[in-house]
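**Student:** Below: one structure in structure tokens.
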Amino acid sequence: MMRIALFLLTNLAVMVVFGLVLSLTGIQSSSVQGLLIMALLFGFGGSFISLLMSKWMALKSVGGEVIEQPRNDMEHWLMNTVAQQSRQAGIKMPQVAIYHAPDINAFATGARRDASLVAVSTGLLQNMSRDEAEAVIAHEISHIANGDMVTMTLIQGVVNTFVIFISRILAQIAAGFMGGNRDEGEGNNGNPLIYFAVAMVLELVFGILASIITMWFSRHREFHADAGSAKLVGREKMIAALQRLKTSYEPQEATSMMAFCINGKSKSLSEMFMTHPPLDKRIEALRSGQYIK
């Protein structure tokens with residue numbers, strides 16, 4: 001309910017901003033309405049399609065195999081652990097998958113809390129103790145229980161819409177001035193070449209700025225998932241798991257998957273563009289109890 005309220009309030013704020021832009025620039029509302037519809041369709045369409053296909057795409061990207069029937073003691077333990085933690089978190093048991101990778105990693109995805117997927121790497125199963133692995137699984141279960149995948153989709157849809165809409169509004173203004181076309185009868189976009197070039201550049205720039213917002217939220221939700229894991233299995237187990245990650249291989253999963261994994265890539269120009277907070281910050285947050293309620 002809180003996610004939907006946040007979504008509606010955000011979009012109300014977006015509409016207020018759009019109204020101010022129209023009032024200040026005097027752009028014809030008819031063209032803006034069409035542009036807004038297009039921005040909403042493209043902005044949210046791509047995000048929701050990705051969400052609906054997330055389980056399939058995730059499994060394909062890592063070559064994961066869903067466990068239909070446990071074949072050995074490790075798979076039995078994994079299924080039992082996920083089932084137990086799901087009951088504790090109050091969600092339906094997700095599908096469980098294993099994928100072959102040397103790095104210690106796991107991820108959760110899915111369009112709904114009760115139709116989700118948890119996948120773990122063979123590197124995690126081979127290199128972590130049972131206590132550490134339990135903590136990682138609890139971290140992913142917490143992502144599902146918190147509804148992080150849906151919330152990320154809503155946020156991504158809003159920022160996508162902003163990027164598309166604002167970049168084209170500004171491109172329309174720039175094309176009108178730079179093209180010297182002030183005659184409304186010749187079209188609202190001015191010189192089409194200038195309009196296209198400016199729109200592409202602005203989309204690139206605004207897209208980079210928008211990624212800072214989505215990455216901030218991604219880092220923020222990692223702290224809460226760590227706290228959720230601590231509540232499910234104990235703080236010390238989660239701290240031990242994060243300390244183990246500090247000695248693991250650099251993750252090999254595709255960049256598009258990093259926001260869903262417990263272990264993000266550490267090589268980044270700035271923490272602002274990282275999907276995960278530095279491991280030391282996550283450990284310190286657990287020790288201080290900052291996100292544990």
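Here the Cβ of each residue, glycine as well, is placed from N, Cα and C on the backbone.
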**Student:** Given that Swiss-Prot assigns HIS139, HIS143 to the Zn(2+) site, pick the one from GLU65, GLU222, GLU236, GLU271 that the record assigns to that site as well.
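**Tutor:** Looking through GLU65, GLU222, GLU236, GLU271, the residue Swiss-Prot assigns to the Zn(2+) site is GLU222.
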**Student:** Hey, how far is GLU222 (Zn(2+) binding site) from GLU140 (active site), Cα to Cα, in Å?
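**Tutor:** Between the alpha carbons of GLU222 (Zn(2+) binding site) and GLU140 (active site) there are 10 Å.
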